[in-house]
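Pulled from TrEMBL:
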{"type": "TRANSMEM", "residues": "7-28", "note": "transmembrane segment"}
{"type": "TRANSMEM", "residues": "48-64", "note": "transmembrane segment"}
{"type": "TRANSMEM", "residues": "76-93", "note": "transmembrane segment"}
{"type": "TRANSMEM", "residues": "113-129", "note": "transmembrane segment"}
{"type": "TRANSMEM", "residues": "141-158", "note": "transmembrane segment"}
{"type": "TRANSMEM", "residues": "164-179", "note": "transmembrane segment"}
{"type": "TRANSMEM", "residues": "186-202", "note": "transmembrane segment"}
{"type": "TRANSMEM", "residues": "271-291", "note": "transmembrane segment"}
{"type": "TRANSMEM", "residues": "303-328", "note": "transmembrane segment"}
{"type": "TRANSMEM", "residues": "340-359", "note": "transmembrane segment"}
Amino acid sequence: MKRPKVDYVLAGVATFLLFSGMVVVFSASSMVGKFRFGSMTYFFQKQVLWGFMSFFLMMVFSKIDYRWFNRNSRPLFFVFGSILLLGGLFVFGKNVNGATRWYDFKVMRFQPTELAKLSLIIYVSYFLAHRERQLHNVKKGLLPVAVIVGLSVLLIVAQPDLSSSIMILLIVGTLLFLSPMPLKHLLAVALPAIPVLVFVVRRNPYQWERIAGWWQALQNPANAPYQLKQSLIGIGNGGFWGQGLGQSKQKFMFLPDSHTDFIFSILGEEFGFLGVSLILLAFLLIFYKGIIIARHSPDKFSMYLATGITINIVLYAFINAGVVSALLPTTGLPMPFFSYGGSNLVFLSIAMGILLNISRFSGKERSWMSRVEKRTDINHVILTAE
């Protein structure tokens, strides 16, 4: 039997972003590598290894039937495995700059938060697909998800990594909002979480200073904190056409984290408004394709899974772009496909591979959404499935 084809446009965009990211890492990390390790290619060599491994994994997972994740207790196995790894950080993890987020294996570091994020998307998708009739019951609907997600988030907050915790809550919240779960149940959890979030931020001076610095930058860019000011200078230097590949001035140790969280500023400096627009359009295309794939998915599990993966990728991209341009407070979140680092790139590529596999079946069978629409009023807000 002939294997259905993946969405070649989506695969092409993901590949373009992956290899473009390696090129930008080479430029953005060259001076940091030279000053710290005596080699301009120190970070680039590692990123190339991660990049090709990620590309290979993306291709492998694009061929693994997504329904493999929808069987028996596999979603629970992944999510409980990630919870154990998150808990193990406080015993075996490596502390870097006051945060314990990585396992250090000498030749590489592993960040279990990235595994937890993908595992939670798979688990919540599985739960919503198989418990649809029970979602109106708090004990059988909201409570199990709240316990699993809440435990994972608490372990991530304790690292501390508040930004990743908020992102996970936003992704999970989106999936719950799209499900038949009553809105009043979601609000009962979401509204009390807001003052808790404010309390956590106020207790951490570093996080509060980030928000205060961002507010100052909005009022007057000249009063922005050093890192944010250097980021804005880099973007401004790029103009429309950019300075050209390798011609960034901010990477000469002016901009902290120039190859990680603020790499998008270097991209703007070297490739200008035109290059930045091209990359953001690529992420918008991923969003469009991902939603189309979810819309025409053959079952509820793949619909939720495709939506969660798509939201995860695109939300990270636009929040990072907002941070480096001072539209949002500094978060410490990476730019997908571009920021230096292995764990994020590997699990991002695995997620993209799963989305590509779902695209093999999207529209090939009678989609779940089309089956629903035949049995419900087209003007009804909440669709119900069989």
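Heads up, residue numbers simply count up from 1 along the chain you see.
Keep in mind that glycine also has a Cβ here, set from the backbone N, Cα and C atoms.
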Under an 8 Å Cβ to Cβ limit, what residues of the same chain, 6 or more beyond the ends of the transmembrane segment (113-129), are close to it?
69-70, 75-76, 78-79, 81-83, 85-86, 101, 135, 144-145, 148-149, 152, 156, 159, 161, 164, 167-168, 171-172, 175-176, 179, 181, 299-301, 303-305, 308-309, 312, 343-344, 346-348, 350-351
Same-chain residues at least 6 beyond the ends of the transmembrane segment (76-93) whose Cβ lies under 8 Å from its Cβ atoms:
69, 100-104, 112-113, 115-116, 118-120, 122-123, 148, 151-152, 155-156, 158-159
For the transmembrane segment (7-28), which recorded stretch in the set 48-64, 164-179, 186-202, 271-291 gives the largest number of Cβ pairs separated by under 8 Å?
271-291
Does the chain bring the transmembrane segment (340-359) near the transmembrane segment (186-202), so that three or more CB pairs sit under 8 Å (pairs 6 or more apart in sequence)?
no
So if I exclude everything within five residues of the ends of the transmembrane segment (303-328), which remaining residues of that chain have a CB under 8 angstroms from its CBs? That is, six or more out.
66, 69, 117-118, 121-122, 124-125, 128-129, 167, 170-171, 174-175, 178-179, 214, 217-218, 221, 224, 228, 231-232, 235, 261-262, 264-265, 268, 276, 280, 283-284, 286-287, 290-291, 293-295, 297, 334-336, 339, 348, 351-352, 354-355, 358, 362, 368-369
Folded-back contacts onto the transmembrane segment (164-179), same chain, C-beta under 8 angstroms, at least six residues removed:
113, 116-117, 120-121, 124-125, 128, 132, 135, 142, 145, 149, 152-153, 156-157, 186, 190, 193, 197, 304, 307-308, 311-312, 315-316, 319, 333
May I ask for the residues of the chain that lie six or more residues beyond the transmembrane segment (271-291) and have a Cβ under 8 Å from a Cβ within it?
7, 9-10, 13-14, 16-17, 20, 235, 238-243, 245, 264, 306-307, 309-310, 313-314, 317-318, 321, 336, 338, 355, 359
Same-chain residues at least 6 beyond the ends of the transmembrane segment (141-158) whose Cβ lies under 8 Å from its Cβ atoms:
79, 82-83, 86-87, 89-90, 113, 116, 120, 123-124, 127, 131, 134-135, 164-165, 168-169, 172, 176, 181, 185-186, 189, 200
